[in-house]
């Protein structure tokens, strides 16, 4: 499979692209037509290949046959791309050209209408969100931030009460309920505590 991808990249895409460039540079009408026919056939081949790869990849020598087909399309001796174009593609597209053009115009109109419709809906949603944000104002934002900060403080308080030893909480509560002893009394107990 990897050799097929590499061969197709070199021979099916890069080689024709280079010679298409040379045709554009030289402005040779015959070369223009030749390479345009190739690219049309190659585009159809790539489209068909997307589906055939799903169903026929198990077929023996499937990838080798695809390489041979691309070589046949490119060969100046077989002129495969111009043969397929003149025998099948040109007559089919000529007979169906009006219908294809109508379908493309309808698809373009529908896609444009869908784009406009979704664009309007998106603008309406954005405008509604902007009006709601403006109507709530800065007070709602500060209230929201305050509620977050109060919630954070309450969780910290809840955590600290479980981690702090009970003796510390008792001391803090006793400090709040009893007045502070005088300096001389604290010095006396301090000196007796040392002995």
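Using N, Cα and C of the backbone, Cβ positions are placed for all residues, glycine too.
What TrEMBL lists as compositional bias 'Low complexity' is 160-174.
Annotated compositional bias 'Polar residues' per TrEMBL: 183-195, in sequence order.
Under the heading region 'Disordered', TrEMBL lists 155-195.
Under 8 Å from some Cβ of the transmembrane segment (6-24) lie the Cβ atoms of residues 31-32, 34-35, 38-39, 42, 66-67, 70-71, 73-74, all in the same chain and six or more residues away from its ends. Annotated transmembrane segment per TrEMBL: 6-24 (among others), in sequence order.
The transmembrane segment annotation in TrEMBL covers 36-61 (among others).
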Counting only residues at least 6 beyond its ends, the same-chain positions whose CB falls under 8 A of a CB in the transmembrane segment (36-61) are 12, 16, 20, 69-70, 73-74, 80-82, 84-86, 89
